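Participant: Dropping the structure in here first, questions after.
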Amino acid sequence: MAIYITNTETGKKEELKTITPGVVKMYVCGPTVYNYIHIGNARPAVVFDAFRRFLEYRGYKVVMVQNFTDIDDKIINEANEWGVDFKDVADTFIVEYWKDAQSLGIRAANFHPRTTDYVSEIVEAVDKLISKGYAYVADNGDVYFSVRSFEKYGTLSGRKIEDLVAGARVEVNDLKKDPLDFALWKAVKPGEPNWNSPWSIGRPGWHIECSVMSQKLLGDTFDIHAGGEDLIFPHHEDEKAQSEALTGKPFARYWMHNGMIVTRGDKMSKSIGNVFLVREAVKRYGKDAVKLFLLSKHYRTPIEFSDEILMENKKASLRIIKTLNRFEEKHPYPLVPKRDEYMKEVESKFIESLEDDFNTPKAIALIFDLSKELNKAMDDGNDKEALKRYHLITRVFGSVLGLFEGGAKIVDSNEEKVLDEILKVRQEFRKEKNYQAADKIRDALKNAGIKILDTPDGTKWEKFTEVNE
Ligand SMILES: [Zn+2]
């Protein structure tokens, strides 16, 4: 059967036909490394890692590239604040990225290029765009891409040049010939990181890096370009325009975009300040709960983030893990079932759902059904073949999506129950206005690393780590 994915450029589900049969070449825009990643950053990483695993499960060889943007205003600002070199900020947060990625079981891509390793290739590309008449040098040594020189501009995001002009917030920038033009190269202020170029001492603009790194590593035209939907315009529109202007060939054949994580209607972003860090989420809810949360809605839809929703995912993930543990503690070595009609049927259902625009909610529902069957078979205990088969397919399907990959261990301590009971006792004291006793409980828990929060919705607790400077 064929794999269908929604191509942002056409807005339609299209059959995936790769340039080289059996090989998928894929580029995913990666993080700007100036801070720890939050759940919103983790979504494309988790979703496209799972999609890659599925492609491999279907027999494709996948060549995947995910970049690190290691030069950017935010990195420079951070470096200035810390009084260090921008490279040290980037290096620090690349290391931190890998810690978080590992804690979520996200596999490394085949290539993780860094912008600053590609500056000479970027200069070459910009030079070529100037000589082809798609870009121009401004008085100060900036180089801009001339949007109107590229006829197909706007086809990815479905925007027309006239509408862009009407909606454009005209920047105070006399250097541009047209407010729509965007920077390929920026002449820099003294003290900023810089590289030599024929036009000025400066640094690359943001969009050009992904064009250059993807085409150097995957070829002029490759199969899938992916990222968050907030990147469609202008980032991906600009990437497409420069790349196609440069080579005269189509850039990516399919564009896949994941929806945003929202909290109370706002996109999760560092600039709004409503972020929840991956490392905090993994600590509080567990790796599988976070991944289940990110994969149990279709990748194109927005997902609402809240403590309640994550807690539900935690409970759900623990149900499966407990079931697997129950089986694996009794059977620590693999048991291979005979492949029967049932297995073939359930496998084709699983594949069908994922072939249909990577419908992970449907595939995950199937894993939950299987886990229920496994529990039933264990209660019953007679049918050894059924036990083996439910166990194996639950595990295999989980691993296709990168879920429940841990070994058998007790993951659900009694901690929550114990804490709830302690808080009930404290509540009693508060009702009796015995605040001294209530505070004693609060302080004792604090010593144990548990913070108590009295909110209008009741008393909550959270674990905290004290950071000593
Ligand atoms: Zn990019």
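Including glycine, each Cβ sits where the backbone N, Cα and C put it.
Nobody curates TrEMBL annotations by hand; they come from automatic prediction.
From a predicted model like this one, the values you see are computed outputs, not experimental measurements.
What TrEMBL shows for this protein is this:
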BINDING   CYS29, CYS210, HIS235, GLU239  Zn(2+) binding site
MOTIF     31-41  motif ''HIGH' region'
MOTIF     267-271  motif ''KMSKS' region'
BINDING   LYS270  ATP binding site
DOMAIN    349-411  domain 'Cysteinyl-tRNA synthetase class Ia DALR'
Participant: Return the single residue from the binding-site residues list (CYS29, CYS210) that has the minimum number of other CB atoms within 10 Å.
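Facilitator: Among the binding-site residues CYS29, CYS210, the sparsest Cβ neighbourhood within 10 Å belongs to CYS29.
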Participant: Distance check, please: Cα of HIS235 (Zn(2+) binding site) against Cα of LYS270 (ATP binding site), rounded to an integer number of angstrom.
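Facilitator: Here the two Cα atoms lie 18 Å apart.
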Participant: How long is the line from the C-alpha of CYS29 (Zn(2+) binding site) to the C-alpha of the residue listed as 'ATP binding site', rounded to the nearest angstrom?
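Facilitator: Spelling it out, the Cα of CYS29 (Zn(2+) binding site) and the Cα of the residue listed as 'ATP binding site' are 17 Å apart.
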Participant: Using a 10 Å cut-off on Cβ-Cβ distances across all protein chains shown, tell me which of the binding-site residues (HIS235, LYS270) has the largest neighbour count.
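Facilitator: Selected residue: HIS235.
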Participant: For the domain 'Cysteinyl-tRNA synthetase class Ia DALR' (349-411), how many residues does DSSP put in helix, in strand and in coil?
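Facilitator: The counts are 45 helix, 1 strand, 17 coil.
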Participant: Checking distant contacts: for the motif ''HIGH' region' (31-41), what same-chain residues at least six beyond its ends satisfy Cβ-Cβ under 8 A?
Facilitator: 68-70, 72, 74-75, 77-78, 89-90, 92-94, 96-97, 100, 228, 260-261, 267-270, 275-279, 281, 290, 294, 305
Participant: I want the residues beyond CYS29, CYS210, HIS235, GLU239 whose C-beta is within 8 angstroms of the mean position of the Zn(2+) site's C-beta atoms, in chain order.
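Facilitator: Filtered neighbour residues, in order: TRP206, HIS207, GLU209, SER211, HIS225, GLY227, LEU231, HIS236, ASP238.
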Participant: Distance between CYS210 (Zn(2+) binding site) and the residue listed as 'ATP binding site' at the Cα atoms, whole Å?
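Facilitator: Distance (Cα to Cα, whole Å): 22 Å.
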Participant: Between LYS270 (ATP binding site) and GLU239 (Zn(2+) binding site), find the distance joining the two CA atoms and give it rounded to the nearest Å.
Facilitator: 24
Participant: State the count of C-beta atoms found within 10 angstroms of the C-beta of GLU239 (Zn(2+) binding site), not counting that atom itself.
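Facilitator: Other Cβ atoms within 10 Å of GLU239 (Zn(2+) binding site): 27.
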Participant: Can you see whether DSSP assigns CYS29 (Zn(2+) binding site) to helix, strand or coil?
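Facilitator: CYS29 (Zn(2+) binding site) sits in coil per DSSP, no helix or strand.
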